[in-house]
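A.B. asks: Quick one: this structure, given as structure tokens, is what I'll be asking you about.
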């Protein structure tokens, strides 16, 4: 009855009164989402891993630059997919559209079940550790205290995202600026050191001194370490339907953000090497903190606070985008329909946000988050390759599809070659980790056939689902959103002509 009344209301209301996802992400906020999701705790911690596998300062810097280049290739492919298939949901929406329900569901299953909750939990724990560290200077913060603070952070940001899209994007804007200012501080201090002649580790004669001959496998692992620090470059595609003029602002944001992050990452690493020897950097568990202790003196507290602010913004970005993935999956019928509903007044996907929040808190309670994320990082990287392979497949199967942006074929082919090489060496170097990642993904196969493909379920199951959905609607005050036909018209019209 309520659905019927809602439909009548929508039919008689002007377009401005439609209950839809609000388009409040302009170009600046779009750039902030990409930059804010890429720059998390990685650049403050992961240079150690890149240097360890690369074996020399010079090669590690080349890896950082090339890593940004590879992300640029991938992001250009995602720009084409984002304006060709203008749906929120990123990889999942594109793969579902191109390869069908099963492949898309497997990506969705692994992301919702493990990948994003685990990543959120790890970032939240990093935030809590850095906030509490000044209170426990001679030891690690207590286990319970870090979990409690991480949970409070997740709950607070979930409330913000439930309340307003504008609040969430403003937080992302502010904390992205804060992250960049922290990195600019590191870069400026590093450049001052270089001007004073402190650049022994950067001299060509010493920069390429290897402790042992680098193998192809070790270089591949160095690229993987860098790619983890760059992860998040595809997150704007998860919220395409909330971007103002997505066909203009989506590619513009990508073309601005990726080169900027690559430049900042490379200059930050140069700054690290201006004040630390390779041995000192490898011995540090938090490179930025060690950098601050050596050069900032009484202002060394700035670095832990900068990392905490960086991770706080990262949590907000991950919550914002991962909830839209749940929303998109529910809209396709791959998750309960309640998750595809939005608040009647705030137009935010409250049920999807609550699921992300609860899943993250459960992972926080389990404890072994760092071991778990090693298993699912492989899945994350696998999804990039499957998505870009879909672009090549779509070019062949539907050549007449309207493409506002059409990248040169050498770009996706180059990315796929690099991706395949890295994937092979990952399987060779870490077979157990990659194998467990595949097992986690494949557990979704029986769930798909039972939950999605099986249409003739007993009536009592449908009655339970209807009651739970109705109760969820009443509690969260949510309804199904109305689609904006102007955004999907090019895609559907192309289907008719193909």
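Quick reminder: no glycine exception, Cβ is built from N, Cα and C everywhere.
Just so you know, TrEMBL annotations never went through curation; they're auto-generated.
Dumping what TrEMBL says about this protein:
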{"type": "TRANSMEM", "residues": "25-45", "note": "transmembrane segment"}
{"type": "TRANSMEM", "residues": "57-81", "note": "transmembrane segment"}
{"type": "TRANSMEM", "residues": "102-128", "note": "transmembrane segment"}
{"type": "TRANSMEM", "residues": "148-168", "note": "transmembrane segment"}
{"type": "TRANSMEM", "residues": "180-199", "note": "transmembrane segment"}
{"type": "TRANSMEM", "residues": "219-240", "note": "transmembrane segment"}
{"type": "TRANSMEM", "residues": "252-275", "note": "transmembrane segment"}
{"type": "TRANSMEM", "residues": "295-321", "note": "transmembrane segment"}
{"type": "TRANSMEM", "residues": "350-369", "note": "transmembrane segment"}
{"type": "TRANSMEM", "residues": "375-395", "note": "transmembrane segment"}
{"type": "TRANSMEM", "residues": "407-429", "note": "transmembrane segment"}
{"type": "TRANSMEM", "residues": "435-454", "note": "transmembrane segment"}
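Each of these features: where is it, how hidden is it, and who are its neighbours?
C.D. replies: For the transmembrane segment (25-45), the residues of the chain that approach it from at least six positions outside its boundaries are 123, 126, 165, 169, 172-173, 175-177, 179-180, 183, 228-233, 235-236, 239, 242-244, 249-250, 252-254, 256-258, 260-261, 264-265, 268, 285-289, 303, 306-307, 310-311, 313-314, 316-318, 320-321, judged by C-beta separation under 8 angstroms.
Here the transmembrane segment (180-199) has long-range neighbours at 35, 39, 43, 264, 267-268, 270-275, 288, 291, 295-296, 302-303, 306-307, 309-310, meaning same-chain residues at least 6 beyond its ends whose C-beta is under 8 angstroms from one of its own.
Counting only same-chain residues 6+ beyond the ends of the transmembrane segment (219-240), those with a CB under 8 A from a CB of the stretch are 25, 30, 33-34, 37-38, 40, 42-43, 46, 49-50, 52-54, 59-60, 63-64, 66-68, 70-71, 74-75, 78, 81-82, 86-91, 94, 246, 250, 253-254, 257-258, 261, 265, 317, 320-322, 324-325, 328, 377, 380-381, 384, 421-422, 425-426, 429.
For the transmembrane segment (252-275), same-chain residues at least 6 beyond its ends with a Cβ under 8 Å from one of its own Cβ atoms are 27, 30-31, 33-35, 38-39, 43, 47, 57, 60-61, 64-65, 67-69, 71-72, 75-76, 78-79, 180, 183-184, 186-187, 189-191, 193-194, 198-199, 201-202, 229-230, 233, 236, 281, 287, 291, 294-295.
Outside the transmembrane segment (295-321), and at least 6 residues removed from its termini, the chain residues within Cβ reach (under 8 Å) are 33, 36-37, 39-41, 44, 90, 116, 119-120, 123-124, 126-127, 130-131, 133-134, 153-154, 157-158, 160-161, 168-169, 171-172, 174-176, 178-179, 182, 185, 189, 193, 232, 235, 238-239, 275, 286, 288-289, 353, 356-357.
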A.B. asks: Please determine whether the transmembrane segment (350-369) and the transmembrane segment (102-128) are in contact (criterion: at least three Cβ-Cβ distances under 8 Å, sequence separation 6 or more).
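C.D. replies: These two stretches do touch.
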A.B. asks: For the transmembrane segment (102-128), which partner among 57-81, 407-429, 435-454 gives the most CB pairs under 8 Å?
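C.D. replies: The listed stretch sharing the most Cβ pairs with the transmembrane segment (102-128) is 435-454.
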